[in-house]
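Remarks on the structure that follows.
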Amino acid sequence: MPASSTRCLGCGQEVSPLHLRSRPGVPDGALGDSRSFSTGWLFPPALCHSQRFSAQGNSRLRGFSSLLHKVLLCLLQLPKLSARKGRKKKGIFWGIEVAETLRWRGWELGKETIKHLILKNVQEKTQKLSYRCPSTRFFITVFPQPIALSPGMSLTLPIIFRPTEKRDYEDSICFRKAEGEFSVTLRATLPRPSLSFPATVRLPGCAVHSVTETTFTVRNVGDLITVFAWETPSPFYMIPDHGMLSAGEECTIKVVFQPKVAVLCDVPATCWFGGEEKQKRTLQLKARAKYPYLRVNVPVEQYEGVKPGKFRDVLCFGFVPVGTTVEKCVEIFNLSVVDAPCRIERAKDPLLQDHVFSCDVSHSVVPAKGRLVLCIGFQPRTVGEHSTDYFTVMSAGCLQQAVLKVVGSCKGPLVSLDQSSVDFDWINLGESSMQILKISNVSDVPAYYQFDIDGRGSVFSLDHPCGVLEGTTTRALKVTFRPTHPISYHRRVVCLVHHQEPLYVDFFGTCHSDTAKPAILQARHLSWFRTNMVRGLTFYPPDILSAMLKDGMLQMDEKRALMLPPEIPPDKPPEEYVEASSMTEYFCDGTSSDLALFPPHVSVSPREYDFGCCVPLHQVEPLPLCVTNHTKGKITVAWTPSHGSAFQVAPEICDIPPLKSSAFRVLFQPTQLNSLYAAELEGFAFYKVLRQYSNIEEDATICPPWCLTVRLRAHTFEAEREHFIPQYVLDVPKTFPPVASDTDTYCSVLLSNTGTSLITFSVNQTACPSVLVKPHSGHIIPGGHQIFFLSTHPVSTTPQQHVLPLQLNSCPGYTKEIAIRSCVESLLLLLEGDGNLYFKPIYVGTSSTRMYTIKNCTRLPMAFTWKIQQSDSKVLSVRPATGFLQPYEAMAQEWTFTPDKVTKYLLRAVVFVSWKSPAPASPRSVHYTLRIVGEGALGTIRAQKEHLDLGNILVGDLQSCSIVLLNDGVCSLKFILSVEQLITRPCDPEEIRSDPLALELEPSRGTIPARSKASVRVSVRPARRLHYTWSIKYNICTSTAPDLASTKEEPQPLCRLEATGVYPAFCVADACSAGSASGVSRLYLWRLLSLDKLNGYLEQDPTPSELTYRVPTRHSTCLIPPVYTPFVVDFNFGAAPIGSEPTLVVLLLLNKGVMPVEWAFLFPSDQKMEMEHWAEDAEFSPPELHQMRIQDNQLFTVSPKSGKLLPGQEECVQLSHRHDFIGTDHLPVLLKASYGHEILLNFRGVTVKQDQRYIHFASTKHLFTPIAIGTSHPPTQVYELYNGGSMPVLFEVQLDSIMRIQKDNFQHPVFVCLTPRGEIPPGTTGQIEWIFSPLEARTYSVEVPIHILGGRSALITFQGVGYDPNTTGENTTFSDVLAPSVLGSTKLTVPGQAATLSHHKICVGNIPDCSRACRLVFLNNISESKAVVFAWKTSTFKDSGALQIAPEQGVMQPGESIPCFITLQPSGIASLCSIDLVCEVHIQESLRQHERDLREWEREKERQAVEFTITEKDLRAEKKPKSPAGRSSDSAETENLPEPSAVVRRYKTLPPIKNHPVPNLPAGHLDRRLLLDREASRVWVKPEPPKPILLHLAVTARSHSTEDFFRNFPSEFPKYFLPCHLPLETRPVDGSKVSDGTEMDPKWLSLAAASQQELQIVTDMLTGVLSGLLENTQFQEAAKRCLDEPIPYFSQFRCKESAEAQGGGQCTTAPSRGSASSDLYTEENGEREEMKPESSPSKEFLESWERLSEVFHHEQLREQKEMLSRHPAFGTLVELVLENTLQNILMEASRGEVVLTARPRVIALPPSPFRRITDPTPRDSRT
């Protein structure tokens, strides 16, 4: 339809678009978007053309017209769709886009509401569809018409909703397309509350005791205001949990999940909403809570010496410079799958601890499977202190804690002087001398140093008296000596170092003048002085000491120091000077403290003085200075003048008598107001005698001068003036270093002047008398610093606060309070568990280890030592027993408890702790007692399952299982498992000796807690196909026997495991042939295919080379793949003429194992890898070409080539060989079983010419059945020959080699050929009968040529084994010979087979001659619709009568089974019977069709014999052409026929009849087939009978002569019946005749002259007599009794006649019972007749005589019955009756007439009346 045309919706006719525009009031374009009408469909304002004329008489159409009018008005006034309505859910149905549902909301009763349904074509082609109106009357739309939509176009379909009552309405409108139908739902609903929210909310994973949340939206999709409220199960809650929503409003709800336990939550939350009628909806809340698992780890670069990959929880900062801060990072790993909130807390320690470790993070969240990096800071403050602290990372709820140990040490400067003294020697007055003093800092920490000397007022000065010495640097200091008086100078200067003990250096020198020349002071004088001072000799001047030396009151030691005489006192050596510590020397000077190392020689007072405010300048009062001489000599004090200083001493030089004092004045003369003044005055006191060296008589008496110092301060600030504001930096520690009790502690304070003016300082010592400060006062130059040393003597273990006021610049407003704490550290060791250690019960002799923590709760290193009683040392031990604990360090110690008996232990151990560096006055040690509780017990281990059978496991495969070990005792048991392997199947011990143990335990040793269980993984990998039995035993590990080698106890049995190593085991259960080999018996086919050998190989274990490729693999790169198996089997398909049908062999594979078997027949092409053409060799060898020809032409095929057999499953495999080419075909095929054998099968088949005579020999070697030597009648054995050609074959056996063997064995016929020549029909098997009779126990072998007439001869090797029955059981040999190697199966069929036998082989076993063996075989018709005809081929053995079959032929209906009875009766000659019975089976319908075809062919043949055809066309012509020489006789006859006959025979006759069949040619010979087809079109071949299906039944047995059978099988002899009509074996054992010269009896001569019939009668009679005697039990018992009876005495008394008669060979015959009784009867009758004339008998006598006659009559009948039962004919009759009876029962049972398995019914008969016993003969004597 054109796009521009417009059609009416009602009738489809084209209308003008002007109909719409002609409506008044409707402007152009009012219809909206033109795309809605682009399809060409319009709704006219009036009726359509088809309805315009009929609407006047039809009111229904008028109503429809008004409806269309309303629809059009609505279309003209279409409003725009809202955004909400535009979001309708749409679907696409076969290219049509349309809304799935059309809804009406807010409608009113009685009003019409219109909705529009839009259909859009979203495909690229025009769509045609139609629709069906809604089914209800409440939804109305336009009358349905076909719709056509162009691509991209739309159609709007109006739908009117017309409600009649307040309820919900639902309908649908259905659209139909060529592809199918789809519908749109029409739904109108009443206003009702409705909430929309998701059905499921899934929250993120959360840690236990943590919180996770998410949000979702609740929307009011109803038309009413709705109130809602949530009911939420724990651990969820919602915010907000209630509210109100208007129509269309929405709100956000927060769901919070706060679990308390680990749980997987999937719970519903209920939302109640609505007005009066509450409604509810459920929301499924899903969340997962997991326990967090946090681990602390120190990165590898921050933790040395630890292997990576392990968690490290110790953070070591190493040595950190004092006062600096070092940060290192640690990682907190979250190994769980949820985020883990955590908090970081520090270990709680005493408040005095100055925390040097810090962590800024206290709370954080570790992401799931992530990590959190924490920064730990370390700021040490005490040099040499080792700090330890612990941070605990706790997860939410304190469920899990991870402890981080942080350690660090503080290092400070290490300053040293290169010399302890500086010697200036002597100089003249007015001169100066300079020396170098090197100061070194070997540490990498900067060092603040200060020499406590004021160089401005001292004779000694340094260029850098204070400064900072960087790490690992050395500074050379210049020391200058400027003397002011001609005296000796000596000053011991202290070098103060911040964070280090002070250093001391001695400055000394001598000054000479023109008038005064004192003795030169040297270093030895200082040493002597210190020694003399210790000995108390320095308080005497040198002159007195010299006099004492002269007087002998003093002596000199070896160092030339003075000493008192040794006898006073004699027992004490002289004292030596011991240098004290620098701190002790510094503080114990007698001025800063009351303590002094030595009493002072000269003292000055005051040492420090503050002039205070000295305003006005000229009114300063001088300071009186007192110098006291404590020696016993006169001293001189000389003050060093300081030029330019405001402080001066007067007088400068003054003498002081012994033990006297002198006053000096210190004058302060300030020169400037508002200034600070500070200085140090220096003076030297010495013995006056030392002013002149000549006064010294002994050098050892020289005493160095004493230096006197006075610190002075003053300021000139006016009252209204502000003092200088000090700018400084003060470095003060918060605490004193920890010390033990009665020990002083020291610390240093650094005050740095960072300003540009002088700073004076003073410390008010009286404000804090417990702390000593030195120096108390002084000054600091700009840029310099002052080092203070503080000392205290703590007395309490509680922290004490010390506050020292430091006043700067002599202004109280500039006072800095130094706060510092101190306390005494007492020995405190914290024992875990309040000093209790509990061990679980433990097995006697084993050890239990527990970690026990001790903690040093002090700030000093502590030494500990554990002491255990000697009696408990064998039971209890700890490691380490001694060691050191750093401050606040916790150490986990390993305690080992080893009980030696079953009892409960209560032990005690004592730990002694002491300081690592004990103070002299501190207590030596403190001890703590640890209480240890343990128990020694016994226990055993048992397995949950004492016996576990793993079943069958593939050899080399791994199978695992678990053994659950149970410990029911109260103690943990540490065990070692051992395995003993036992192999129960026969194997070679030497081979399995090197095999590894086939069972592994993991773990083989472990520990089972008390009342618990443990799982041990057992892995079994059998190495051979054997049955394994493992005995798992255990030993309990003890301290003395930690392993199996050291244990002395026997292992205890635990459990026993069994497993059998198996290979995929399958075999060939049966085989049958068809096609060209249909005439081959199963036994012969079994030998052709060497199936016994194949099954034997399959029974063996695979070799390692066979398992090179465990599964079928393409591994070869050449056409002939390599062979990895040593097993090779010849698969001989036999022979057949060319063109014959293929040889088919069907094998039945049986999985007789317990493992599934995957097998495959791999041709050479299946083993070759696919290679590129360039990689293959272009030249092929002859074997490769031969195999390629076979595979390309598919001469050998296997179907299927692979498969899988489950245990017990069978599968048929069809093998075929096509006879297309003459010759021998050979193809190696690999039979591969996955994870098992691979056996090379050499497929071999022979194809011969059509007229070739060919005998197929399966092998060139034949082995006879072993025969026992001395056998009287060796059995006849058979050698089979198969005629594989199409022509009969005559064979002849050449017996020359057999005659040679007979000649070599003393003319004994070892090998006898009974059929040296014969004929074998084509396709059948011929037999050559042999007798093997060994002469001795050995192996005989002979090579016999077999000649084939017109064919190829063969040389066959025959072998036979003779054995001695006395050494080898003959019965065993017989059973081995007759054991069935072919397993018959009824499931094995060939294609087209319609009937089956119930058995394919009957093994009768060993039977005696002249006996009958009957077997039953069922012939089954397996066809469901066709009847079959069967016939047994009995012509070969029917004449001999050795085998009978009943029935021999018959018809079987579909599904019918017919029993066939096979009766075997040996012919009387011992033989090995092997008969192949063949049953020919035909389809009955095919036989009938053949008969019909044959009758038609015979009628045609008769017709052609009397009819002929005239083929000449012009018989009336006079010219008679010459007939060709090759003209047929039929033509000649036709010529002689008269004309009418020629006219009548106008039609051509049928082709001539031929009798020869057409051979089957191979598929490749097309030309020959065409010729044969043309010939067949001209020749009508005689119909051949249908080819029968041949069923082979093998019957095997071994017949023995009667005496041999009775000798070898005495227990089996009574089971057989010997008929009477069979002749006895009269042939001698050795075949020789009786030829001795003994004269024979005339009776024997007459017997010899008897005829054959007479001999047969005698034979039958003797046979009956002997059989009766042998079967008579009384005769057998009597014979046994006669043998046991002793020779009677009366046998010696014999008459001469009897002796002669016996000697002459005559014998008497005892009369039988019958004759005796008759004679007796005669005699009795005679006597009765003689007595009769004398008297007549009485009545009683007659009655008794009658009874006696009756008894005699019954006795005579009984004897006749016994004689009859012993008769052979009677036994034969009974045998036949029983045989027929049983056969009838079996036949009735096979037809279902008798149920042999039914329970017998017992019928209770009434008791019979008493019958008189007329037969007095005992029942036992009856037969």
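Cβ coordinates are placed from backbone N, Cα and C, and glycine is handled just like the others.
Record features (TrEMBL):
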COILED    1480-1507  coiled coil
COMPBIAS  1508-1521  compositional bias 'Basic and acidic residues'
COMPBIAS  1707-1720  compositional bias 'Polar residues'
DOMAIN    193-262  domain 'HYDIN/VesB/CFA65-like Ig-like'
DOMAIN    421-515  domain 'CFAP65 fourth Ig-like'
DOMAIN    831-911  domain 'CFAP65 seventh Ig-like'
DOMAIN    938-1061  domain 'CFAP65 eight Ig-like'
DOMAIN    1064-1245  domain 'CFAP65-like ninth Ig-like'
DOMAIN    1248-1367  domain 'CFAP65 tenth Ig-like'
REGION    1508-1542  region 'Disordered'
REGION    1701-1740  region 'Disordered'
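Helix, strand and coil residue tallies for the domain 'CFAP65 eight Ig-like' (938-1061), in that order: 5 helix, 69 strand, 50 coil [DSSP]. Mean predicted confidence for the domain 'CFAP65-like ninth Ig-like' (1064-1245): the pLDDT average there is 84. Under DSSP, residues within the domain 'HYDIN/VesB/CFA65-like Ig-like' (193-262) fall into helix, strand and coil as 0 helix, 38 strand, 32 coil.
Taking Cβ pairs closer than 8 Å, the coiled coil (1480-1507) reaches residues 1393-1395, 1423, 1426-1433, 1451, 1545, 1549-1550, 1552-1553, 1580, 1582-1586, 1588-1591 in its own chain, all 6 or more past its ends. Secondary structure of the domain 'CFAP65 seventh Ig-like' (831-911), assigned with DSSP and counted as helix (H, G, I), strand (E, B) and coil, comes to 7 helix, 46 strand, 28 coil. Counted with DSSP, the domain 'CFAP65 tenth Ig-like' (1248-1367) comes out as 9 helix, 56 strand, 55 coil.
Residue counts of the domain 'CFAP65 fourth Ig-like' (421-515) by helix, strand and coil are 3 helix, 61 strand, 31 coil (DSSP-based).
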